[in-house]
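Colleague: Quick paste of what TrEMBL says about this protein:
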TRANSMEM  B:21-43  transmembrane segment
TRANSMEM  B:69-88  transmembrane segment
TRANSMEM  B:95-113  transmembrane segment
TRANSMEM  B:119-137  transmembrane segment
TRANSMEM  B:149-170  transmembrane segment
TRANSMEM  B:209-228  transmembrane segment
TRANSMEM  B:235-257  transmembrane segment
REGION    B:283-305  region 'Disordered'
COMPBIAS  B:286-298  compositional bias 'Basic and acidic residues'
Amino acid sequence: MPAERTERPLSRTGKVVRVAAAAAMVLALMATSVWGEDDFFPFAPFKMYSRATDPDGWVKSTNVFLTDAEGERIAIDDDDTGFRRAELEGQLTRFREDPDLLAHIAAAYEAAHPGDPEIVGAEIVTRRYELVDGERTGEETEEIVAVWTEEGTA
Amino acid sequence: MSVRTAVNGFFFEPVPLGRVAAMRFLAGLYVWIEWWAYMPFIFGHRFVPGELYQPLFIGRVLPLPTPDYWLVTGTLVVMLAAATPMMFGYRPKLFGWILFAAYFEWMVIANSYGKVDHASFGFMTLLLVLCMMPSHAKWGDREHRSERVGWGFKLVQLAVVCTYFLSAWAKFRYGGFDWANSGVFTWAIIRRGTVFSNWLLDFPGLLHAAQWGMIAFELLTPVVLLVYRWKRVQYAIVAFLYCFHVAVFASLGISFLPHLVAMACFLPLERIDPREIARKTKARFTRRDTGHTEREPEPQFESGA
C-alpha cells in the first residue's frame, strides 16, 4: 500500500480535539433538532417538508398579487422581488396584522423592475384545496389575507 | 478491536490529497453557480427593504448589519473573488477563510427573511474544513494521504448524514409520528409539481408508500458511515442518495445542490486528474495509428492496511 505521508502524524491531543469537535457538531445538531428552532441557524432542525398534511383535509398555497399603475394584475414569483413565497408565509402573521408591510414588497418589485409601471396595490391570497384520501376533490376556497393600496386606503 | 482503534480508524482514515483539490474546485464551482442559477433570490434580497429583515439569533448576537443593496452586492463580490483562486488551488487556505466568512454572511442574508433553508449545513462544513486542509493538494494525487484530511471529510460526511437522519426526526417532531400517513407529498406536488410528478396526484397510494420509503431511508442513512471499510457498498449507497435527489428534482424542482456538493467527498475524486485526461485525449488523437494504449495500474482504495 503506497500510503506515503509527508505530514507529521497527529498527536494524541490533536486527535482528541478533532474527535471532540466532531462530537460537538453532532450533539449541537441533535440538540437543536430536539429543542431548537430555525432561529439557531446554522444549527437548526432539518425540517424540509416535515409538516404533516391531513390526507382528508385542506392544503393551502399563498401568493402575492401586485397591481400596477396600468391596472395590470401581476402574480409574482420568487425571483421577481427577491422576497420568496416561503418567506412571505414565514412572516404572514406580520402581514396580517399590518397590511401596509406590503408596500415593502411593492418597493422591492419596483427596485427589481426599474423600467416597469409603478405598483399601486398588492394583496396576499391564500388558496385552499380540499383533499380526500390524499386526492384533490376540486373543491377550492380563496382568502384574501391582506390588502394594500398606494394611498393606504385599504 | 478496542474502542480506541475503532475511533481512530473511523475518524482518521487517511484520505488522498487529490480529493482535496477536487473538492475545492467543486466548492468554488458551486459558489459560482449558486448566485445566478440556483438561488437567485439571495442576490434578489438586495432589493428587499430592511423592514422585512428578521435577524436570526446569530445576527442578533454578532453585530451583523441589516442587509441593503450594497451589503448584499459586496458580499457576493467578495465571495466570488475568494472562490476563484481557492478553486484552482492558489493560496487556498487564505482565500478559503475569506470565502467561508463571506459565504456565512451570504447564508445569513439568505435565511433572515422569514424562511430558513436547511440544505447548506454540509456545504458550510465543507468550506470550513477545506480551509484547514493542506495547500499543496494537487488533482489526481493518490500517493499522499492525510489523516487530517480524512478527519475533515469525515466531519462533512457526518453533517451530510445528520441532514438526512435528523430530517426524519424533524418529521416526527413537526409532523407527528403519523407524518408518513399524511398528505404531505400531495401538498408538495400541488405547490411545486412538474410534468414528471403531476400525474402522481391521481395515485395517492403510491405517494403514501413513497412517504414511508422516505422515512425508512432517512433513518437508515447512518449506515453509509459505518460501511466505510467497504468502499463499493459505500459508493452504492451514495449513488442511491444521488438518485433520490434526481427524482426529487424531477418531481418538485428542489435539488439541495449544496448538500450534493458536500456529499461528493464520499467519492474517490482523487482518481480524476484533468491533466492526465487532457494528456491521454491528446495522445489518442496524435498516436491513433499505433493503436497502443497505456495501461494504468488498478487503483486501490482499501485503507485497512
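Placed from the backbone N, Cα and C atoms, the Cβ positions cover glycine too.
All annotation found in TrEMBL is predicted automatically rather than curated by experts.
Just so it is clear, the model here is predicted, and its values are computed rather than measured.
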Colleague: Looking at B:21-43, B:119-137, B:149-170, B:235-257, which one has the highest count of Cβ pairs under 8 angstroms to the transmembrane segment (B:209-228)?
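Modeller: Per the Cβ under 8 Å count, B:149-170.
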Colleague: With the transmembrane segment (B:21-43) as the reference, which stretch in B:119-137, B:149-170, B:235-257 has the largest tally of C-beta pairs below 8 Å?
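Modeller: Against the transmembrane segment (B:21-43), the leading stretch is B:119-137.
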Colleague: Quick test of the contact rule: Cβ under 8 Å, at least six residues beyond the ends. What residues does that give for the transmembrane segment (B:119-137)?
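Modeller: For the transmembrane segment (B:119-137), the list is 17-18, 20-21, 23-24, 27, 30, 86, 89, 91-93, 96-97, 99-100, 103-104, 107, 146, 148-149, 152-153, 155-156, 159-160, 162-163, 256-259, 261-263, 265.
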